[in-house]
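Visitor: I have a structure I would like to understand better, so I am pasting it below and will then ask my questions one at a time.
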Amino acid sequence: MAALIARSGLKALNIRQTRQQRMATVPRAAVEFYGPDRAKFLGPFSENDTPEYLTGEFPGDYGWDTAGLSADPQTFARYREIELIHARWALLGALGILTPELLSQYAGVQFGEPVWFKAGAQIFADGGLNYLGNESLIHAQSIIATLAVQVVLMGLAEAYRANGGSEGFLDDLDTLYPGGPFDPLGLADDPDTFAELKVKEIKNGRLAMFSCLGFFVQAIVTGKGPVQNLTDHLADPTVNKAFASATKFTPGV
């Protein structure tokens, strides 16, 4: 009898250990960022509840959709694609806006014009706009021609992507997260790491989209780049602040 009890106890212990081992192997990202137990942000008018169609299957789903924009699965899929593409463009744009101004102010790197909107405005100057400051690369003098080329080249690339590319070209890759040759560093090889990186990408992409909007507004209101605006604010926060700039702003002046 004692031996039977000992064997039963050992079996129960093994079952508990096996269950704990299985729980330990559940990816952290799967619990923290996905599924019903994920972190949620229930914003205004959410009635403290998550819509049933937001199951936590996709990265960046925090359970808030007051307007019901994601209720239709096809619309949801389209919005996911649009958001991710714009997020990636915003990440690149924010980097391109900040880097030249930072390098110019704090590293002494010489640019023809480090402020992002002033650099683009050089196309209206008599000398035109030289890409990367080098006239031998692209010397643009017509805004209409530049826009036309941009629309044609980017339109063709976007149409090619939206239509799934050519037949047989990278058919086995995901359209939003292709990986493979597009991940030469192998950052997405580990499933748990990949799941977490997708969440980080969309979170930072959303921040970048808001940042770019802020950069545009700053450029219109203050006529300065974001780095200079931050420098001015830190030097005198009571004078150089958003409220003061907004109250002094006159469109067209």
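A Cβ is built for glycine as well, from the same backbone N, Cα and C atoms used for every other residue.
According to Swiss-Prot, the protein carries these features:
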- 1-30: transit peptide (TRANSIT)
- Phe41: chlorophyll b 1 binding site (BINDING)
- Trp64, Ser70, Glu83, Arg206: chlorophyll a 1 binding site (BINDING)
- His86: chlorophyll a 2 binding site (BINDING)
- Arg88, Ile138: chlorophyll b 2 binding site (BINDING)
- 89-109: transmembrane segment (TRANSMEM)
- Gln122, Leu132, Glu201: chlorophyll a 3 binding site (BINDING)
- 137-157: transmembrane segment (TRANSMEM)
- Ser142, Glu158: chlorophyll b 3 binding site (BINDING)
- Gln150, Arg161: chlorophyll b 4 binding site (BINDING)
- Gln150, Phe249: chlorophyll b 5 binding site (BINDING)
- Lys200, Gln218: chlorophyll a 5 binding site (BINDING)
- Asn204: chlorophyll a 4 binding site (BINDING)
- 207-227: transmembrane segment (TRANSMEM)
- His233, Ala242: chlorophyll a 6 binding site (BINDING)
Visitor: When you look at Trp64, Ser70, Glu83, Arg206, which the record names as binding chlorophyll a 1, what is the longest CA to CA distance in angstrom?
Guide: 17
Visitor: When the Cα of Trp64 (chlorophyll a 1 binding site) is compared with the Cα of each of the binding-site residues Phe41, His86, Gln122, Ser142, Asn204, which one is closest?
Guide: Phe41
Visitor: Hey, how far is Ser142 (chlorophyll b 3 binding site) from Arg88 (chlorophyll b 2 binding site), Cα to Cα, in Å?
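Guide: Pair distance, Cα basis, whole Å: 28 Å.
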Visitor: Of the binding-site residues listed here (Arg161, His233, Ala242), which is spatially closest to Ser70 (chlorophyll a 1 binding site) when Cα positions are compared?
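Guide: Closest by Cα distance to Ser70 (chlorophyll a 1 binding site) among the binding-site residues Arg161, His233, Ala242: Arg161.
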Visitor: To the nearest whole angstrom, state the Cα distance for the pair Glu83 (chlorophyll a 1 binding site) and Glu201 (chlorophyll a 3 binding site).
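Guide: Glu83 (chlorophyll a 1 binding site) and Glu201 (chlorophyll a 3 binding site) have their Cα atoms 11 Å apart.
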Visitor: Based on Cα distances to the residue listed as 'chlorophyll b 1 binding site', point out the closest of the binding-site residues Gln122, Arg206, Ala242.
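Guide: Nearest in space to the residue listed as 'chlorophyll b 1 binding site', counting only the binding-site residues, is Arg206.
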